[in-house]
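Engineer: Grabbed the feature section from Swiss-Prot, which reads as follows:
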type: BINDING; residues: 141-187, Glu209; note: ATP binding site
type: BINDING; residues: Glu268, Glu281; note: Mg(2+) binding site
type: DOMAIN; residues: 118-313; note: domain 'ATP-grasp'
Amino acid sequence: MSAALKRYDLDKLAVATVASHTALQILRGAKRYGFRTIAVAQRNADFYRQFSFIDEVWTADFSNFRHVAEKLVEKNALFIPHGSYVEYVGWRQALEAPVPTLGCRELLRWEADQYKKMELLAAAGIPTPRYYKRAEEAEGPVIVKLFGAKGGRGYFVAKNREELAKRIKAVEGDYIIQEYVFGVPAYYHYFASPVYNRVEIFGMDIRYETNVDGRTFGWVEPTFVVVGNLPLVLRESLLPVVHKYGVDFAKAVREKVSCELAGPYCLESIIRDDMTIVVFEFSGRIVAGTNVYMGVGSPYSVLYFDEPMDMGERIAHEIKEAAARGILEKLFT
């Protein structure tokens with residue numbers, strides 16, 4: 001439990017996040033549930049000030065996020081991490097920030113390392129692509145992925161070992177070489193609820209990526225930079241498997257990372273034509289794909305609450321219920 005959380009006035013809680021990624025969804029949901037809201041901006045602060053559901057917009061230097069976190073504690077703030085926070089602030093600062101942070105904070109360390117990611121998925125018993133540490137080990141077509149939450153930037157595909165050996169020389173920084181799995185992509189949104197003691201399927205999406213999804217006519221190299229997301233509803237026959245993977249992943253986090261999942265997370269997959277699902281990635285926090293149902297609610301939320309709810313509202317609902325039951329320490333680290 002966060003030491004700061006013990007000192008909080010539960011009647012005056014605020015919800016805060018970095019002004020990017022899913023901030024609008026998170027803060028809109030928090031305001032609808034009666035919380036004060038704070039957006040912390042590195043840039044584009046004026047854009048966020050136009051929205052009445054954001055009570056305060058701060059500008060900050062993310063190179064010293066500890067100072068920001070200490071100010072948030074003074075405001076009784078609960079912090080919601082997302083992909084931009086992980087990328088801009090970095091997992092080391094995120095681990096040390098003294099503000100109460102939603103979810104398993106230690107998972108951010110695992111999320112920053114592609115090999116540890118694959119280790120955790122394997123521990124969950126979830127089917128994954130083969131992966132390689134050296135180009136000379138690779139077989140068949142592969143995708144090369146950089147470490148960190150980069151939204152697909154810098155990824156590339158190589159058709160064979162020879163092409164890979166040539167192109168890998170230009171890669172700077174840490175990377176993983178994964179088997180390229182043929183099929184369609186699908187990204188699953190889950191919510192781990194300590195309040196209701198369950199893992200919920202909350203939605204799914206497809207990423208819209210350049211130049212893979214662009215009109216390139218074969219003239220440019222495929223790239224995987226994410227520019228947006230598209231909603232997806234799966235065949236119902238696939239839902240039991242998807243849910244099981246989410247439950248198994250939460251169990252693996254408990255056993256391998258020694259902390260409980262709380263709040264949103266995501267498994268990223270390819271579905272083959274034989275309907276098997278291969279998971280190649282996870283995100284241990286809210287993903288931008290949840291923005292596809294902001295304001296209208298996930299089609300799956302009605303299965304649990306009999307009313308539409310987006311992920312920002314789902315987070316706020318969990319916080320409110322946990323505060324009322326005196327179990328906020330199960331959500332925040």
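The backbone N, Cα and C atoms fix where each Cβ goes, glycine too.
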Engineer: To the nearest whole angstrom, what is the C-alpha distance linking Pro141 (ATP binding site) and Glu281 (Mg(2+) binding site)?
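Structural biologist: Glu281 (Mg(2+) binding site) has its Cα 18 Å from the Cα of Pro141 (ATP binding site).
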Engineer: In Å, rounded, how far does the Cα of Arg153 (ATP binding site) sit from the Cα of Glu268 (Mg(2+) binding site)?
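Structural biologist: Cα of Arg153 (ATP binding site) to Cα of Glu268 (Mg(2+) binding site) measures 16 Å after rounding.
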Engineer: Would you report the average pLDDT that the model assigns to the domain 'ATP-grasp' (118-313)?
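Structural biologist: Here the mean pLDDT over the domain 'ATP-grasp' (118-313) amounts to 92.
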Engineer: State the count of C-beta atoms found within 10 angstroms of the C-beta of Val171 (ATP binding site), not counting that atom itself.
Structural biologist: 13
Engineer: Give the three-state DSSP assignment (helix, strand or coil) for Gly183 (ATP binding site).
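Structural biologist: In three-state terms, Gly183 (ATP binding site) counts as coil.
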Engineer: Roughly how many Å lie between the Cα atoms of Lys159 (ATP binding site) and Glu281 (Mg(2+) binding site), rounded to a whole value?
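Structural biologist: With distance taken Cα to Cα, Glu281 (Mg(2+) binding site) is 21 Å from Lys159 (ATP binding site).
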Engineer: Between Phe147 (ATP binding site) and Glu281 (Mg(2+) binding site), what C-alpha distance do you get in Å?
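Structural biologist: Taking the Cα atoms only, Phe147 (ATP binding site) lies 11 Å from Glu281 (Mg(2+) binding site).
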Engineer: Including all protein chains displayed, how many Cβ atoms other than that of Arg153 (ATP binding site) lie within 10 Å of its Cβ?
Structural biologist: 13
Engineer: Between the Cα atoms of Ile177 (ATP binding site) and Glu281 (Mg(2+) binding site), what distance do you get, rounded to the nearest Å?
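Structural biologist: Answer for this pair: 13 Å between alpha carbons.
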Engineer: Taking only same-chain residues 6+ apart in sequence, whose CB is under 8 Å from that of Gly183 (ATP binding site), what do you get?
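Structural biologist: Counting only residues 6 or more apart in sequence, the Cβ neighbours of Gly183 (ATP binding site) under 8 Å are Ile270, Ile271, Arg272, Asp273, Val278.
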Engineer: Where does Arg153 (ATP binding site) sit in the DSSP three-state scheme?
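Structural biologist: Going by the DSSP assignment, Arg153 (ATP binding site) belongs to neither helix nor strand, so it counts as coil.
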Engineer: Around the C-beta of Glu268 (Mg(2+) binding site), how many further C-beta atoms are within 10 angstroms, looking at every protein chain?
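Structural biologist: So the number of other Cβ atoms within 10 Å of Glu268 (Mg(2+) binding site) is 17.
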Engineer: When a 10 Å sphere is centred on the Cβ of Phe147 (ATP binding site), how many other Cβ atoms does it contain?
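Structural biologist: Other Cβ atoms within 10 Å of Phe147 (ATP binding site): 17.
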Engineer: Ten-angstrom check, please: count other Cβ atoms within 10 Å of the Cβ of Ile177 (ATP binding site), all chains counted.
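Structural biologist: Ile177 (ATP binding site): 23 neighbouring Cβ atoms within 10 Å.
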